[in-house]
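Here is the structure we will look at.
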Amino acid sequence: MNSLTLIRPDDWHLHLRDGDALKAVLPDTARRFGRAIVMPNLKPPVRTVEDAAAYRERILAALPAGLNFEPLMTLYLTDVTPPEEIAKVKDSGFVKALKLYPAGATTNSDAGVTDVNKVLPTLAAMAELGIPLLVHGEVTDPAIDVFDREAVFIDRVMKPLLDKLPDLKVVFEHITTQQAAHFVWCAGERVGATITAHHLLMNRNALFTGGIRPHHYCLPVLKREVHREALLEVAISGNPRFFLGTDSAPHGKSTKEAACGCAGMYTAHAGIELYAEAFDAAGALDRLEGFASRFGPLFYGLPANADTITLTRETVEVPASLPYAGGDTLVPLRAGETVGWKLAD
Ligand SMILES: NC(=O)N[C@@H](CC(=O)O)C(=O)O
Ligand SMILES: [Zn+2]
Ligand SMILES: [Zn+2]
């Protein structure tokens, strides 16, 4: 198969940042995806429906003419997000979920939740109104090995939370381990998961190929090959509770190539093409449309997009860097290398 036409996909986990960075990265996503769940970890975070309305307007204003793209907004859950905000979320129509960052777990998570038990009334309001909770699922306990933080999160936080709130819908974001894949597989209808292309394509060796590779550093960090294989298995399985979320997370080159480099990979420039590579390598191109275009809308209770995109099997060169913001550039995944699929114009 050298050409593949799909219902236009959506990205269920995306960082668009703000200001000039937003202007620089948004076209890459909007050319490929119909909608995206936009992460709220700005500085300061998107905490209220009012914040989200303003951010949404900035996104729409940054959208190049002729591109149809719908940002689906999220709120950043803090220890003090009041239950009353959830009714406003429901009424807004454009805020689709709240995001749980364990405080200190990842980029801009300082204002995150210190203990989920502090926000139970707010989570209960979400369960009641059918608003999903999106979870960065890693414990922050420094005693836990960085490669084990996701697996430990399942036992310490995820399972007790789901037991306490049997009606809460949860998306386990950017899963990276066989434990998370297995957990979600067995968790029942109200639990979904997003999977990035980079976790389907690379294992942790990619962090050290020929030297330390800061552009392959993200959170949760890449894992062993057995985990990559487990993620691929569920991604191509046709199970509708696993769907596409790129977690494209731009950081300027100078903040990645640094003594203490930021976590996050920029993948939006090939946001669907990289998944085509992963599915193709697994002989499962026929499963890509479900994963990329049908299952996310199904979980969120939205219709699939009405139009299509076409990908062709062609070698595309990726620039060494892309324009970004603040005088800095952006180093995309595969910079100076190639991607094996091309988005038709
Ligand atoms: N994935 C990352 O490594 N970084 C994300 C935050 C996140 O999704 O955890 C970012 O905002 O840069
Ligand atoms: Zn995260
Ligand atoms: Zn993310």
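Placed from the backbone N, Cα and C atoms, the Cβ positions cover glycine too.
Model, not experiment: these values are computed from the prediction.
Per TrEMBL, the feature domain 'Amidohydrolase-related' maps to 11-256.
When secondary structure is read from DSSP and collapsed to three states, Lys99 (Zn(2+) 1 binding site) falls in the strand class. The Zn(2+) 1 binding site annotation in TrEMBL covers His13, His15, Lys99, Asp247.
The secondary structure of Leu219 (substrate binding site), as reduced to three states from DSSP, is coil rather than helix or strand. Within the same chain, the residues at least 6 positions away from Leu219 (substrate binding site) whose Cβ sits under 8 Å from its Cβ are Ala105, Thr106, Thr107, His136, Glu138, Ala263, Gly264, listed in sequence order. The substrate binding site annotation in TrEMBL covers His15, Leu16, Arg17, Asn41, His136, Leu219, His251, Ala263.
For Lys99 (Zn(2+) 1 binding site), the same-chain residues that are 6 or more apart in sequence and have a Cβ closer than 8 Å to its Cβ are Met39, Pro40, Asn41, Thr74, Leu75, Tyr76, Leu77, Leu133, Leu134, Val135, His136, Glu173. If you look up TrEMBL, you'll see Lys99, His136, His174 marked as Zn(2+) 2 binding site.
Among the features that TrEMBL reports, N6-carboxylysine is placed at Lys99.
Per TrEMBL, the feature active site maps to Asp247. Cβ neighbours of Asp247 (Zn(2+) 1 binding site) (same chain, under 8 Å, six or more residues apart in sequence): His13, Leu14, His15, Glu173, His174, Thr194, Thr196, His198, Cys218, Gly264, Met265, Thr267.
For ligand 3, the binding-site residues lying close by, meaning a CB under 6 A from one of its atoms, are Asp247; the full candidate list was Lys99, Leu219, Asp247.
Once Cβ contacts within 10 Å are tallied over all protein chains shown, the binding-site residues Leu16, Ala263 are led by Leu16. Mean pLDDT for the domain 'Amidohydrolase-related' (11-256) in this predicted model: 98.
Proximity of the binding-site residues (Leu16, Asn41, Lys99, His136) to ligand 2: a Cβ under 6 Å from the molecule is found for His136. In this view, His251 (substrate binding site) is surrounded by 27 other Cβ atoms within 10 Å of its Cβ, with every protein chain counted.
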